[in-house]
Structures are given as structure tokens and as C-alpha cells.
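Engineer: First the structure, which I've put down as C-alpha cells, then a few questions once you've had a look.
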């Protein structure tokens, strides 16, 4: 089935301009959404705890800042843009008591809805607008008159017009300038988690560390191993980002291209693919979500232990020393 894409002509900005919006959170995505909504003529306020260090920044940016509860009470569209592990308690304590029939609850990621951490009441629209880029890029592109592609989904259309509202919101942050891709909360959440775990954050990191360790154990200098297995990764990824894997292979030497074709499949074997399928299954059946929630409910002991161990890896120490020589990284 062909992807369903929507653009500026498919969205009516007047719809979101007629709503009262609360953006909960002012991190990477929160600041981009709030500022772009404001610049699109939307009545927006930012919901942050009194103790939040981001309050001063949001106020400096000219936004009205209130507590999350006050924001939820004032608004009829609430966009939650705080870390996933905060959603459950934030929703129960600050947002749910102020939801009314006809309100809309929006998300930048589908985790809490997909795994039942939040169960919105009847009569409330539930939708997602998720830019496929970091907040600073979303904001920069908006200011330049362009946009970053967004994923848009509607989980519950209580009003009968939730889809139009979601597209209007996407237009207000520049998403429909580039294109809004229709998806579902299930698809966005499961593919996002799998991509992070098996490829982007987990898979690539472990591949780099394994390559580095293989060279060092064979007697090569750690500094040279770092250059070959980590530092040059950016060069390769940038080529893929610009033109896909084919452009990367077109750009590297024939030697590198042949080596990639013939040796790459020996690294990513059928056994590796089977583990990928297991990881996906754990995402799909809720095993991972249950593990994550339990870990954070306990105060993140294993998470913090692994973070500390990661920071002590030899590759991190070598990288710190080598990056100090790279003047272009200091700007």
C-alpha cells in the first residue's frame, strides 16, 4: 500500500488557530512546537513545573509559562512533549483532572498510548504529530520557510474532525511543508523502538565497540582503531543520509565497496537477524515496555549502572583525547 502523504494544501491552519493549545515540556521538541505554533498565530502556553529550569528560557523566548495543571485547565488541546517515563504520573496528576469532552490530547510519540500507560476518557480526541528530526532542526527549518517531515496519526476520533485538527497542527509547525505521513500509534511506536534498539542506538553502538575491541585486542593502537571504527562513521552516515546506501557505495573506493559487499553479510548473519526478530517481538508483545516501566519505577538501578559502565569504556577515554585535537569540534 502506497504511503499517504499530506501537504500544506491538505491542511487548514484556521482550525488550530481556533484552539487554545498547551505544550507540556520545553525540551528539544517542546520549544520548537511552542515557538512555531505561536508564530503561526496559535494561542499557546507552555506547561512546566515551578521547579523546572526551562521556565526561564521559555519566558525569555516570549512565551507564557504556567504549571502543567494550569495549562491543561486553560487549553482544549494539550500536546505532551516530555520524556515517556514521566507521562503516566504527569497525566494522572496534572492533566486528566482537567480534560473535558471536546478536548484533544496530542503526543509526539505513541509509547504511552500504545502500551496503556495513559487511557484518555471518552469524548477526547487522541492524535500524534511527530517530526522526524530533532527540535532545533524543526525550528530552524520553520524559520527558513521550510519544514521537517512529520508522522501523523489519530488513535481516537471522538469529535469526527481529529484528523483535520492533527493536520492543522502539523501545518502550524511546518510539517506539511515537507510532508505529513499518515501512520498509527502502533506503527510509529513499534518501529521507533525497534530502530533505536536494534540499529540506531543499540546495534550501531555495539558494532562500533566490537570493531574497536577487535583491533585493539589484535595489537593495533587504540587511537587508530578509534579513527577507523568510530570517527569515520560520520562520513559514511552522512553519505547515506544524503543519498541512501547506494550513494555511500558510489562515493567510497572500489576496494571499500567490494569489501562491504563481501564481508558485511558475515557480520550481520542469520543469527543476528534472528535476534532482531526477537527484539521486535519484545516490542510488539509489550515485554520491553513492561521491563522499562518496572526499571524506572525502581529508580533506574540497572539503567544508571549501565550508563556509568558505558562512560568508563576504553573507546570513550580514547575518543575524549582524540576529539581534543579536533579544533572544528570546539566551535
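Note: Cβ is positioned from N, Cα and C throughout, glycine not excepted.
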Engineer: Of the candidates 135, 145, 147, 160, which does Swiss-Prot annotate as part of the NADP(+) site that also includes 26, 27, 28, 29, 52, 54?
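Structural biologist: So, going by the record in Swiss-Prot, that would be 135.
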Engineer: Would you identify which of the binding-site residues 192, 228, 232 has the most other C-beta atoms lying within 10 angstroms of its C-beta?
Structural biologist: 192
Engineer: Determine, to the nearest whole angstrom, how far the Cα atom of residue 232 (Mg(2+) 2 binding site) is from the Cα atom of residue 26 (NADP(+) binding site).
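Structural biologist: Each residue's Cα considered, residue 232 (Mg(2+) 2 binding site) and residue 26 (NADP(+) binding site) end up 33 Å apart.
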Engineer: Given a separation of at least six residues and a C-beta threshold under 8 Å, show me what packs close to residue 29 (NADP(+) binding site) in the same chain.
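Structural biologist: In sequence order, 81, 108, 131, 134, 135, 138 meet the Cβ cut-off.
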Engineer: My understanding is the cutoff is Cβ-Cβ under 8 Å with a sequence separation of 6 or more in the same chain; which residues meet that for residue 52 (NADP(+) binding site)?
Structural biologist: 26
